[in-house]
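Participant: Below, the features straight out of Swiss-Prot:
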DISULFID  Cys26-Cys136  disulfide bond
DISULFID  Cys60-Cys192  disulfide bond
SIGNAL    1-17  signal peptide
Amino acid sequence: MQRFLVFTIVAVATAAAGDIFYPGYCPDVKPVDDFDLSAFAGAWHEIAKLPLENENQGKCTIAEYKYDGKKASVYNSFVVNGVKEYMEGDLEIAPDAKYTKQGKYVMTFKFGQRVVNLVPWVLATDYKNYAINYNCNYHPDKKAHSIHAWILSKSKVLEGNTKEVVDNVLKTFSHLIDASKFISNDFSEAACQYSTTYSLTGPDRH
């Protein structure tokens, strides 16, 4: 059961059967400049994402970033069949971004003896309302790349002026991301209800 649930993040870091592959190397993408991790910290709701085949069908997905000025961490959670499942990991600015000051960070999760790194690029954010994250992996065996993307919001619903801004931003990245393929998350009261919690990370998880 757990191996199936962990599939989501492992798949993003590697390659999944349901990935859509595009020929050639990852496109040249520029993350946001002057990225401010302190301002970015907080709870982000996953409004929508590009789908992965066979991934968990978690709802009410939230990524919470904490930063005390020196050390950062991430707490990802989602609800499946009344169970709140969560993953805790470390977060740091990507090595090259420490010099360029661009929006790239590394999340490290440990599933027993297995360590998985995920490197989201922040394509756009106003820090207070929305963020658009992006990840691209090149697969030498296929001579192709796969893309993942997420629309994040500090609130459970993306609406009004913020939604308009996000829609316009996605249009500027239409050469990278097919917005029509985004799958929306569910943050309804029913979807977010849970009666127990379960950790996916830790020394006894594999």
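Using the three backbone atoms N, Cα and C, a Cβ is placed for every residue, glycine included.
Could you place the listed features in the three-dimensional structure?
Facilitator: Shown in sequence order, Cys136, Asn137, Tyr138, His145 are the residues of the chain, 6+ apart in sequence, with a C-beta less than 8 angstroms from the C-beta of Cys26 (disulfide bond).
Residue environment of Cys60 (disulfide bond) contains 22 other Cβ atoms, counted within 10 Å of its Cβ in all protein chains.
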Participant: Counting across all protein chains present, how many other Cβ atoms fall within 10 Å of the Cβ of Cys136 (disulfide bond)?
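Facilitator: Its Cβ shell of radius 10 Å holds 17 other Cβ atoms.
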Participant: If I restrict to non-local contacts, at least six residues apart, and a C-beta distance under 8 angstroms, what lies near Cys192 (disulfide bond) in its own chain?
Facilitator: Lys59, Cys60, Val79
